[in-house]
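The structure appears right after this line, and notes come after that.
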Amino acid sequence: MAIERTFSIIKPDATRRNLTGAINALIEKAGLRIIAQKRVQITRPQAETFYAVHKERPFFGALVDTMISGPVVVQVLEGENAIKAYRDVLGATDPAKAAPGTIRKEFALSVGENSGHGSDASETAAIEIAQWFSGNEIVG
């Protein structure tokens, strides 16, 4: 199995409710190491750039508004098959369809306020990590 890195965001709906520690516990229980983490306030231009792939989708404006509504925690996670492992612990985008014990099933408020983001592929992870972290901030 391959040791990979992936990118995670703990979204404003979760940070607002002080769930960072509980979410980190689920991440670590899944066998992933948190090798970089910081709390930031995303600006509108940052959110629009980060979610540019969704620009033409009807939910784009609401997504950007949600992401700038409060602080987020951005993270780099590392472990065996980290991208899949994190997406598994994150759960389905719709919390009603997420498996019990996943971040979204346990903590999400709705599809729009679903507590987390995770990279969907190694290429995406590399781009997302580089957008939020410099090399010396990642200590693995």
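Think of each number as a place in line: the chain as shown, counted from 1.
Placement of Cβ uses the backbone N, Cα and C atoms for every residue, glycine included.
Keep in mind that this is a model prediction, so the values were computed, not measured.
Within Asn18, Asn81, Asn114, the residue that Swiss-Prot lists together with Lys11, Phe59, Arg87, Thr93, Arg104 for binding ATP is Asn114. Of all Cα pairs drawn from Lys11, Phe59, Arg87, Thr93, Arg104, Asn114, which the record names as binding ATP, the longest spans 21 Å. According to its DSSP assignment, His117 (active site, pros-phosphohistidine intermediate) is in a strand. The two recorded residues Arg104 (ATP binding site) and His117 (active site, pros-phosphohistidine intermediate) have their Cα atoms spaced 10 Å from each other. Around Asn114 (ATP binding site), the same-chain residues six or more apart in sequence whose CB sits under 8 Å from its CB are Lys11, Asp13, Thr93, Asp94, Pro95, Arg104, Ala108, listed in sequence order. DSSP gives Phe59 (ATP binding site) a coil state; it is part of no helix or strand.
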